[in-house]
Amino acid sequence: MLAILAAQLLAGMTRMSVTSDETSHLPAGYTYLKTGDMRLNPQHPPLIKLLAALPLLPLNPALNLNDPNWVAEPPNEWDFGEEFLHSNDVDRLLFAGRLPVVLLSLLLGFFVFRWASELFGNGAGLLALFLYVLSPNILAHSRIVTMDLGLSCFSVLFLYNLWHWTRDRKRSSLAWAALCLGLALATKFSAVILIPVALVLILATMDRKKGELDRVAGGLAAMLAVAALVVWAAYFFPTDLSFYLDGMSRVNADHDPNRAYYLMGKFQVGGFPHYFLMAFLFKTPLPTLLLLTASVILMRRFPAGRRSDELFLVLPALTFFFVTSALADGIGLRYLLPLYPLIFIFVSRLASTISSGHVTRIAGVALLVWYAASAAWIFPHHLAYFNEAAGGPTNGYKLLGDSNLDWGQDLPLLKQWQDETGAGPVRLLYSWNGRPENYGIDHVRATPRDWYQEPSPGTYVVSTFWLVRGLHEHRTKDVPANWLERYEPTDRIGYSFFVYRFGED
């Protein structure tokens with residue numbers, strides 16, 4: 001099944017143009033390796049950026065350190081990154097840079113299988129792995145250079161080894177847990193959630209016999225010390241030891257405090273408290289939601305002795321969910337990605353129930369066939385996945401925006417559509433960091449000013465990001481930007497571009 005995962009990821013990532021955050025992350029990692037200077041993208045720890053940039057070293061892409069965007073203080077990471085990528089062979093760099101993320105996803109898939117097997121048996125391991133390798137959200141974020149898959153991987157590896165340590169108290173288990181905690185902390189600042197979660201898990205599962213508290217306290221201190229050393233190494237051993245806190249303080253520094261966030265056709269400055277709950281319900285496959293519901297309902301049927309083991313799945317998942325809902329910006333389900341491997345392991349205990357009777361076997365097989373069919377149908381557009389209850393990906397723009405649907409990934413599809421239809425030149429309203437001219441797209445760049453006037457004759461290709469923002473512009477500035485409400489598109493390109501034709505027969 002891991003081979004199926006790898007095949008999907010390799011085939012899918014060749015059909016994607018650069019996504020928004022990759023414009024900063026991949027060039028930043030390359031500058032870290034070439035210069036040792038970590039000024040670019042300090043709002044994220046460096047580990048994934050470093051790993052992604054390693055395959056670029058033998059390619060030796062041109063790096064212009066005289067670029068004003070690099071020399072500036074602070075540097076302009078977005079303009080510098082865009083120029084770096086597009087002054088080289090951008091598709092070659094993206095393919096190379098995405099490979100380490102693919103490998104991390106394969107590693108995570110292996111441990112999803114292993115942990116589920118150790119908890120509930122080999123059948124459960126296969127079920128968990130099946131759910132993992134066909135998960136649209138895992139597939140979407142396992143082939144782009146962002147932090148979310150890496151955080152998911154190292155968080156699960158940390159929890160798995162911590163679980164082992166609470167059971168066997170072996171130094172090797174503690175050492176692996178410490179290493180994985182450090183890797184998680186060096187991947188994304190939100191990994192700090194794992195520290196209090198680990199403390200609660202340790203206290204909840206420890207023996208109360210004499211001397212155990214001292215032993216556990218010593219192990220916890222050693223684990224935190226090793227994790228801190230790993231993080232320090234990932235930052236190339238800076239002498240200013242406030243580097244991590246400084247990075248955390250910059251997490252949302254580039255976010256507009258007056259930004260209106262979007263959910264279900266509405267905009268609200270500061271976002272919506274139920275954003276991540278709704279995103280989870282919209283973008284999680286219905287078979288997964290049904291299995292999760294059944295697993296919760298049937299909890300009492302499973303051995304009570306498993307409760308402490310399952311706590312290592314349930315507590316981190318709930319903590320990630322509630323902390324993310326309370327603190328994170330509502331711009332993408334991807335912030336909840338660490339939940340999915342834990343959910344797959346948790347529901348895998350249903351494997352024995354599914355196989356125990358004729359009716360349950362038929363129902364279980366039907367759910368899994370449905371799940372697999374959904375994954376096959378959405379390929380390679382996993383980023384735009386919405387489940388059937390949400391109306392599918394064609395309805396996604398009515399519910400969510402940003403990285404849930406349109407992250408700039410579909411320029412190759414636009415080129416394919418233009419070749420097949422002979423349309424051109426088109427007026428393209430696309431604000432991401434890909435360069436359409438690199439794909440041979442015959443276009444004229446439209447600007448947001450086109451929103452402020454009636455459309456002139458011609459063919460327009462508009463990203464769903466701008467269509468959604470157009471609704472906000474119309475409601476706040478009373479300009480005719482509400483194309484979603486006023487016009488019917490004549491065509492759709494993937495799920496991120498709408499085509500409109502005006503004044504043409």
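Backbone N, Cα and C atoms are what each Cβ position is placed from, and that goes for glycine too.
Features as listed in TrEMBL:
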TRANSMEM  93-113  transmembrane segment
DOMAIN    95-232  domain 'Glycosyltransferase RgtA/B/C/D-like'
TRANSMEM  119-138  transmembrane segment
TRANSMEM  145-163  transmembrane segment
TRANSMEM  175-204  transmembrane segment
TRANSMEM  216-237  transmembrane segment
TRANSMEM  275-299  transmembrane segment
TRANSMEM  311-328  transmembrane segment
TRANSMEM  359-379  transmembrane segment
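With a cut-off of 8 Å between Cβ atoms, the residues of this chain six or more beyond the transmembrane segment (175-204) that come close are 44-48, 147-148, 150-151, 154-155, 157-159, 161-166, 216, 220, 222-231, 234-235, 244, 247-248, 251, 308, 311-312, 315-316, 319-320, 323-324, 328, 335.
Contacts between the transmembrane segment (359-379) and the transmembrane segment (145-163): absent, as fewer than 3 C-beta pairs lie under 8 angstroms at sequence separation of six or more. Look at the domain 'Glycosyltransferase RgtA/B/C/D-like' (95-232): DSSP puts its residues at 118 helix, 0 strand, 20 coil. Note on the domain 'Glycosyltransferase RgtA/B/C/D-like' (95-232): its mean pLDDT in the predicted model is 94. Long-range neighbours of the transmembrane segment (119-138) within the same chain, counting only residues 6 or more positions beyond its ends whose Cβ lies under 8 Å from a Cβ of the stretch, are 1-2, 4-5, 8, 105, 108-109, 112-113, 149, 283-285, 288, 291, 306, 309-310, 333-334, 337, 340-341, 344-345, 347-352, 354-355, 368, 371-372, 374-375, 378, 382, 385. Outside the transmembrane segment (145-163), and at least 6 residues removed from its termini, the chain residues within Cβ reach (under 8 Å) are 19, 21-22, 25-26, 29, 44-45, 47-49, 51-52, 94, 97-98, 101, 104-105, 107-108, 111-112, 114-115, 138, 173-174, 176-177, 180-181, 183-184, 187-188, 190-191, 194, 198, 201-202, 309, 312-313, 316, 334-335, 337-338, 340-342. Long-range Cβ contacts of the transmembrane segment (311-328) within its own chain (Cβ-Cβ under 8 Å, at least 6 residues beyond either end) map to 155, 159, 162-163, 190, 193-194, 196-197, 200-201, 204-205, 273-277, 280, 335-336, 338-339, 342-343, 345-346.
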